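Marked as transmembrane segment by TrEMBL: 41-64, 71-91, 103-124, 136-157, 163-184, 196-218, 224-241.
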Amino acid sequence: MNTPPPIPATTRALSPASASSSVALPAALSLLAGATDVTSWLLLGGFFSAHVTGNLVVIAADVVAGRAPGVASVLAIPVFVLITAAATIASRRLVLHGMSAQTLTTVLLGAQTLLLVLAATLSFATRASEDPTQPLAVIIGLCAVCAMATQNAFLHLVPPKAASTAVMTGNLVAGTIALVDLVLSRGASGSARSRWHSAWPLLTGFVGGCLIGAAGAVAFSDRASLIPAVLACVLFFVVLSRRSNPAREKPSTDQPKEGRS
């Protein structure tokens, strides 16, 4: 059985000269995930697009209440899995053909951006909040799910340390344990400090994204899908600008990592 090709590690997409660059991109993606998740929840009848396993709770509650589960909620997890698998297969093949981690970052984040722009564009053709079960509303929700699946595939395939922007519970636990270890060691634990610096930007980014998404839903109603789309576009162009200005980057000392399963 062939071993999957290694994907060269990179976390230099945003600020390669900074020691904090290893968390800058995941934190920005966490903000985007928060905005996407709360927008879909508020406008699509309680539907999770980032925290997709939350839809299991929604489905169970619908069944207990005697309601038919929403189509989007039922499809969310299978679609998330399929898109994650497709992104993984595509990434393995692209790396096998010599694609660098920087280019793969551009490809995956570009796909995420296109999907969120598509969701925002479709939101102008209907009022999804009035009937979240209508086909176009379901498609809008699943476009967001596909975008979040692509984002999380990237986070597990490219950076040297996997991060999650789909579920904050793990990040909250990691941050709490790291903070307790820091207190117990009186700040002397380098490992705890590193874990804390990895966890808090993800948590802060997600909370910030939720606030932005909620404010957008109040201000723009069904057009609030524009918020994640605009955020994704801004992030994508920042990544592109960093990639097109190699003079601003320092050589990376990261070693190629074996691809994760």
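Note that Cβ sites are derived from N, Cα and C of the backbone, with glycine treated the same way.
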Could you tell me what the rest of the chain brings near the transmembrane segment (103-124), counting residues at least six beyond its ends with Cβ under 8 Å?
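For the transmembrane segment (103-124), the far contacts come to 7, 10, 13, 36, 87, 91, 94-95, 136, 139-141, 143-144, 146-148, 150-151, 153-154, 157-158, 222-226, 228-229, 232-233, 235-236, 239-240, 243.
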Apart from its near flanks, which chain residues at least 6 from the ends of the transmembrane segment (41-64) lie with a Cβ under 8 angstroms of it?
33-34, 70, 72-74, 76-77, 80, 128-129, 132-133, 137, 140-141, 144-145, 147-148, 165-168, 213-214, 217, 221-222, 224-225
Are there residues at least 6 beyond the ends of the transmembrane segment (163-184) whose Cβ is under 8 Å from a Cβ of it, and what are they?
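Sequence-distant neighbours of the transmembrane segment (163-184): 23, 26, 29-30, 32-33, 50-53, 148, 151-152, 155, 191-193, 195-196, 198-200, 202-203, 205-206.
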Residues of the same chain, at least six outside the transmembrane segment (71-91), with any C-beta under 8 angstroms of its C-beta?
7, 44, 47-49, 52-53, 55-56, 58-59, 62, 104, 108, 111, 132-133, 137-138, 141-142, 145-146, 148-150, 152-154, 157-158
Excluding the flanking five residues on each side, which residues at least 6 beyond the ends of the transmembrane segment (136-157) place their CB within less than 8 Å of a CB in that stretch?
7, 26, 29, 32-33, 36-37, 39-40, 44, 47, 49-50, 52, 70-72, 75-76, 79-81, 83-84, 87-88, 91, 104-105, 108-109, 111-113, 115-116, 118-119, 122-123, 125-126, 128, 163-166, 225, 228, 232, 259-260
